[in-house]
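Undergrad: Have a look at the structure that comes next, please.
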Amino acid sequence: MSDYLLQMNGIVKTFDGVKALNGIDIKVRPGECVGLCGENGTGKSTLMKVLSAVYPYGTWDGEILWDGTPLKAQSISETEAAGIVIIHQELTLVPDLSVAENIFMGHELTLPGGRMNYPAMIHRAEVLMRELKVPDMNVALPVSQYGGGYQQLVEIAKALNKKARLLILDEPSSALTRSEIEVLLDIIRDLKAKGVACVYISHKLDEVAAVCDTISVIRDGKHIATTAMSDMDIPKIITQMVGREMSNLYPTEPHEIGEVIFEARNITCYDVDNPGRKRVDDISFALKRGEILGIAGLVGAGRTELVSALFGAYPGRYTGEVWLDGQPVDTRTPLKSIRAGLCMVPEDRKRQGIIPDLGVGQNITLAVLDTYSKMTRIDAEAELGSIDREISRMHLKTASPFLPITSLSGGNQQKAVLAKMLLTRPRVLILDEPTRGVDVGAKYEIYKLMGALAAEGVSIIMVSSELAEVLGVSDRVLVIGEGQLRGDFINHELTQEQVLAAALSHPDAPDNNARKTA
């Protein structure tokens, strides 16, 4: 019998004559966690679709061996029956069904006569959740009553209920808090100890390094290297992913910081569902020309609510004023904000940043479509010229501007959203989690773009949950905790520990004034 549970040998997958996968080899042992690394669009998802029979046997070339035996699955149900289970980035739970019903979906336990055996399903669900160190979960409640971290564990329980021997985790931590991520990584370690193998796909290379035994890197559809994690570090992984050495993940573009041009005064946001509760409590700050201002804080601190209110996109009631060039401006709707010179790239790219049914180019010019209007028609030639320039400037990878934007990788979709906002020629640009779900190469390009914009005099407000990112690109850092401003720091030798201490402190604590800007 083979030492390997899974062997994928020489996998080739072609779309319209173009090889999306070109001879990929992947091997996984029982109890081993393999990190599958590569930039967006390099073929990671395509490879996993081949493995799980989303692309059935016969639609690709190469060989898959499962426990040493050729696997020629024609459907997902066949691969799941073999013990191969994928947990996708977009969770597949049904919100209104109970935890137990979600765990057993498609594999329900029944009584004679066909009725559901709910007591047995609840008991088994409780056993599974105890194995995942969640003994107090009420599995009879709707899964919607639990947060993202718990829902991720329900997905894992669902996979284990299918007798998973190989668990494929695709960006499993994208919506989790730091503490929830640590729980997830501990559970993966426990599963490994029980002999369950894992393929871990994530742009968060610190997680990959923490939990994976082996790293397999693919680039442009080709297998670059498979290396023991003990012989690797994060810079080496990045070099293999992008094909060049990156001496500094956070490139710095020299830029002069000028006078104050933007002020947020006494911004208060009230909870949408509980109008008596403040999500943002009387926050004021100023922003200078060419300055990059990072906003840090724990999840739920009120960062997104604050910047949404500044842009006129907060769905609840809010108060306060926005000033530009020493004058109050009306930013009560996104359209008014854009006209005033204030633009925002939202946190939820898929729901708020793009229109899925439109092409790449149409999404890029959407905010300035009136610029190309001639009476009752659009000047298509002028519009296409702008689209081509933005695609070139953003290094946006697309075969055609007429392709659906959903055909692009996450990083290229984000570049398209950025291009759309930059066509409005903003003076103040708000970026809410600009690199979430974006690979390391695209992150680098976004950081370079931010520096170049600041050098041109554009002022930038960036919200990020990654403290290393905040400290890596910001000139100044605001720290928000429980809806209140907890610190305003010049980013000179500022540490993650200092930012976290401010986020967790009482607003009147004396340490909050350390490094505080004038």
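Numbering starts at 1 and runs along the chain as displayed.
Yeah, the Cβs are placed from backbone N, Cα and C, and that goes for glycine too.
Take a look at what Swiss-Prot says about it:
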DOMAIN    6-245  domain 'ABC transporter 1'
BINDING   GLY38, GLU39, ASN40, GLY41, THR42, GLY43, LYS44, SER45  ATP binding site
DOMAIN    262-507  domain 'ABC transporter 2'
Undergrad: Suppose we draw a 10 Å sphere around the Cβ of LYS44 (ATP binding site). How many other Cβ atoms does it contain, all chains included?
TA: 23
Undergrad: Starting from each candidate's C-beta and looking 10 angstroms out, tell me which of the binding-site residues ASN40, THR42, SER45 has the most other C-beta atoms.
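TA: When each Cβ's neighbours within 10 Å are tallied, THR42 leads.
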Undergrad: With the ATP site defined by GLY38, GLU39, ASN40, GLY41, THR42, GLY43, LYS44, SER45, which remaining residues of that chain have Cβ atoms positioned within 8 Å of the Cβ centroid?
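TA: Those within range, site residues removed, are THR46, ILE218, SER409, ASP439.
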Undergrad: Among all the protein chains here, how many other CB atoms are within 10 A of the CB of GLY43 (ATP binding site)?
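TA: GLY43 (ATP binding site) is surrounded by 25 other Cβ atoms within 10 Å.
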Undergrad: Most Cβ neighbours within 10 Å: which of the binding-site residues GLY38, GLY41 is it?
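TA: Compared across GLY38, GLY41, the most Cβ atoms within 10 Å surround GLY38.
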Undergrad: Any idea what DSSP makes of ASN40 (ATP binding site), helix, strand or coil?
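TA: Once the DSSP labels are grouped into three classes, ASN40 (ATP binding site) ends up as coil.
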Undergrad: Counting only residues 6+ away in sequence within the same chain, which have a CB under 8 Å from the CB of GLU39 (ATP binding site)?
TA: ARG219, MET241, VAL242, SER409, GLY411, ASP439, VAL440, GLY441, ALA442
Undergrad: Which value does the mean pLDDT take for the domain 'ABC transporter 1' (6-245) in this predicted structure?
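TA: Per the prediction, mean pLDDT sits at 91 for the domain 'ABC transporter 1' (6-245).
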